[in-house]
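Q: What TrEMBL shows for this protein is this:
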TRANSMEM  B:6-28  transmembrane segment
TRANSMEM  B:40-59  transmembrane segment
TRANSMEM  B:71-90  transmembrane segment
TRANSMEM  B:102-121  transmembrane segment
TRANSMEM  B:133-154  transmembrane segment
TRANSMEM  B:286-305  transmembrane segment
TRANSMEM  B:317-342  transmembrane segment
TRANSMEM  B:348-365  transmembrane segment
TRANSMEM  B:377-396  transmembrane segment
2 protein chains.
Amino acid sequence: MITLGDLYNVLSALVPLYFVIFLAYAAVRWWKLFTAEQCAGINRFVAMFAVPLLNFEFISRIDLSKMDLPFISADTLSKILVLVALFAWARMSPKGSLEWCITLFSLCTLPNTLLMGIPLLKAMYGDEQESLMTQVVVLQGMIWYTMLIFLYEYRAASNAIAQRFRESSVKSVCSEARNVGKEEAAHVVIACNSEDLGAQMGACSRDEDNKKAEKKLGYGEVGAAKKYVEKSTMPSGTIGFILRMVWYKLMKNPNFYASVGGLCWALASSRWNIKKPMIMENSVTILSNCALGVAMFSLGNFMALQPKFIACGNKMAAYGMFIRFIVGPAIMALASLVVGIGGKELKVSIIQAALPQAVVPFVFAREYDVHPEELSTVVMFGMIVSLPVTILYYVFLEL
Amino acid sequence: MITLGDLYNVLSALVPLYFVIFLAYAAVRWWKLFTAEQCAGINRFVAMFAVPLLNFEFISRIDLSKMDLPFISADTLSKILVLVALFAWARMSPKGSLEWCITLFSLCTLPNTLLMGIPLLKAMYGDEQESLMTQVVVLQGMIWYTMLIFLYEYRAASNAIAQRFRESSVKSVCSEARNVGKEEAAHVVIACNSEDLGAQMGACSRDEDNKKAEKKLGYGEVGAAKKYVEKSTMPSGTIGFILRMVWYKLMKNPNFYASVGGLCWALASSRWNIKKPMIMENSVTILSNCALGVAMFSLGNFMALQPKFIACGNKMAAYGMFIRFIVGPAIMALASLVVGIGGKELKVSIIQAALPQAVVPFVFAREYDVHPEELSTVVMFGMIVSLPVTILYYVFLEL
């Protein structure tokens with residue numbers, strides 16, 4: 001049963017987040033305390049230091065022998081289902097892109113289990129849910145955030161390589177494109193993509209160019225032209241080279257070390273029953289304690305830098321909410337039934353999937369500049385609507 | 001008595017700080033993750049958000065009726081003594097400057113009582129010292145940090161105004177300076193000061209120019225010329241205008257509101273026996289928890305941006321240490337004797353004054369760009385030497 005006290009506890013966790021978002025928004029929008037570059041620096045601090053240390057803290061504490069295998073399997077299966085469906089879509093549809101695969105994967109499968117899941121699910125189904133939720137949080141940090149970073153780096157590396165090939169063969173592609181009657185689209189795509197690396201300014205102008213092209217030619221045609229150009233310029237056999245680049249980048253990412261190191265520590269500590277010395281514990285928590293606050297600060301900063309308050313537009317925001325609160329739980333329900341989960345655990349798995357959007361995927365999306373406006377909007381407004389949505393799910397599932 | 005366990009506790013608080021400094025240093029120096037502007041942004045986040053909220057948290061918890069008046073009086077008297085001496089020096093000596101008044105005040109009177117004082121003094125003289133140390137921390141946050149910001153803003157405002165007057169009368173000053181034979185010095189001073197506002201780059205080149213001039217003319221002569229130019233250009237009666245500018249700036253500084261708000265809450269809560277609701281408590285701690293970690297991160301960033309590892313040079317570092325560990329405690333001993341404190345409390349007051357440098361004054365010095373290299377060096381190396389120094393004091397006082 002949810003009591004008023006439980007609701008107050010959840011609000012006590014939620015309201016401070018909005019307080020921080022408000023401070024950060026005001027600091028940039030009205031008080032002009034931070035430049036855009038400084039905001040990017042604050043976000044990088046979260047992505048590269050606070051989040052990895054927080055992940056390490058959680059992963060290193062898990063006892064692998066006490067995992068709830070059916071529940072974890074359902075969670076993993078649902079994420080794999082979503083990934084397979086998205087990659088199939090990216091391959092087959094002209095609208096498909098790796099960027100949207102990553103963003104839709106985040107929206108569909110990565111809820112805020114740590115902050116919202118633990119208090120809400122405990123209130124709804126009892127204290128024993130905390131351990132279940134912690135397991136989901138650990139897997140999220142260990143496997144799925146690493147996977148997210150892998151996909152972001154894969155995208156960056158393949159863009160960088162495609163870019164190099166494209167530059168050397170722009171002319172031949174143009175003449176080929178003229179032959180198949182897609183000259184204009186190809187021109188736009190090439191011009192846009194040549195500004196691809198490094199600067200955010202470039203990204204903005206590229207987006208505008210793409211939008212113009214989309215208006216003229218229709219979204220599908222631009223997609224087709226893009227694919228056409230990619231096929232014409234990317235020689236086969238580069239995938240190995242791209243993967244090596246990604247590996248090199250992962251080797252430099254603290255999130256990777258946090259996952260591996262956390263897992264090693266968890267295994268060692270349960271095997272030999274050792275505890276972290278206080279010096280080590282404090283060295284981790286001194287920065288991991290900052291993760292949530294500074295991540296919300298970065299979210300507020302980012303919103304203040306956007307021209308519109310709902311940065312991705314109303315339509316995209318609605319789609320995002322639909323995916324987060326309807327599609328995600330539906331796929332999770334399906335996966336749970338496939339694995340054979342029923343009763344209370346089925347309910348828990350569905351409600352856990354219907355929590356608001358996790359904050360870390362926004363931090364990564366901003367760091368890699370892939371649809372941060374979509375994720376920031378869903379995090380920000382998702383938290384507001386999540387409380388009634390989750391309670392509706394609860395009541396509906398109790399019927 | 002200090003046990004090995006006590007030392008381990010102190011090391012458990014110290015080592016994580018060096019871990020964060022190392023990460024931040026590496027992030028800028030070797031991994032090139034942050035630009036200089038981004039580092040300044042991270043520091044501003046600490047100065048404008050994390051530190052004020054931490055101060056609010058501490059100040060709002062104090063019970064004014066339970067303050068130890070003699071101890072607090074000695075602490076206050078020592079700080080006033082230092083301020084008076086420094087201002088007298090600034091007025092009378094040609095080497096004196098408001099900048100060095102502020103920096104020397106920080107070095108001499110603001111120890112790291114929160115982080116180092118509480119565990120060390122508890123270990124040395126028993127648990128009842130925690131309340132005494134907390135009172136010092138609260139006054140430091142409420143009165144002395146506000147005072148520090150007042151002085152920094154006063155300096156900024158008077159520089160800005162002097163700058164405006166100077167620009168309009170450079171020519172007449174030059175001809176006057178020629179008459180008194182100080183032409184070259186005046187030229188250098190004017191040229192340097194005309195780059196005074198905004199950019200850090202400007203500050204660097206100004207420092208270099210000043211150093212060149214000092215080499216040519218001797219430190220005293222440049223100081224005299226500076227004073228001469230200031231007198232020639234600053235009309236009397238601007239002090240009221242400067243104070244109004246400072247007030248306006250203070251009214252925009254969150255540290256000011258944290259002090260006033262914290263005090264109001266402390267008074268109200270002890271008067272009507274009310275406690276902070278959890279939503280309010282969490283809204284403060286979500287960012288105040290970050291203060292220490294991100295402040296150390298900013299320190300590491302700053303050190304990595306300096307050309308030398310000991311940013312202010314060996315000589316200045318040694319002077320800084322001398323002031324921190326010898327002059328500061330000596331003045332505190334004097335003030336304690338004047339107030340009439342003896343016995344154990346005298347020892348506590350002296351050792352408390354011999355703790356390493358507080359971190360917040362570095363954050364402010366970097367924000368206002370007044371000798372951050374001096375403060376960063378004393379914080380960084382002061383923490384290393386502080387442990388033997390404090391124990392030496394302890395043993396010496398026990399004789």
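Note: Cβ is positioned from N, Cα and C throughout, glycine not excepted.
Could you give the neighbours, burial and distances for every feature on this list?
A: Counting same-chain residues at least six beyond the ends of the transmembrane segment (B:6-28), those with a Cβ under 8 angstroms from any Cβ of the stretch are 34, 39, 115-116, 119-120, 123, 292-293, 296-301, 303-305, 380, 383, 387.
Note on the transmembrane segment (B:348-365): residues 43, 46-47, 51, 71, 74-75, 78, 102-103, 106-107, 109-117, 120-121, 124-125, 129, 132-133, 136, 140, 145, 148-149, 152, 292, 295-296, 298-299, 302, 324-325, 328-329, 331-333, 336, 341, 371-372, 374-376, 378-379, 382-383, 385-386, 389-390, 393-394, 397 of its chain, located 6 or more positions outside it, place their CB under 8 angstroms from a CB of the stretch.
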Q: Are the transmembrane segment (B:377-396) and the transmembrane segment (B:40-59) close enough to be called in contact, which here means at least 3 C-beta pairs under 8 A that are separated by 6 or more residues?
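A: Judged by the Cβ rule, the two regions do not touch, with the required three close pairs absent.
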Q: Under an 8 Å Cβ to Cβ limit, what residues of the same chain, 6 or more beyond the ends of the transmembrane segment (B:133-154), are close to it?
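A: Residues packing against the transmembrane segment (B:133-154) from afar: 51, 54-55, 58-59, 61-62, 67-68, 71-72, 75-76, 79, 98, 101-102, 105-106, 109-110, 113-114, 117-118, 121-122, 242-243, 245-246, 249-250, 253, 255-256, 258-259, 262-263, 352, 358, 360-361, 364, 367-368, 370.
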Q: Can you name the far-off residues of the same chain, 6+ from the ends of the transmembrane segment (B:102-121), with a Cβ under 8 Å from a Cβ of it?
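A: Same-chain contacts beyond the ends: 6, 9-10, 13-14, 17, 58, 78-79, 82-83, 86, 129-130, 132-134, 136-137, 140, 144, 148, 151-152, 155, 292, 320, 323-324, 327-328, 331, 348, 351-361, 365, 370-371, 374-375, 378, 383, 386, 390.
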Q: Is the transmembrane segment (B:286-305) packed against any residues at least 6 beyond its ends, judged by a Cβ distance under 8 Å, and which are they?
A: 17, 20-29, 34, 36, 39, 42-43, 45-46, 49-51, 53-54, 56-57, 115, 311, 359-360, 362-363, 366, 372-373, 376, 379-380
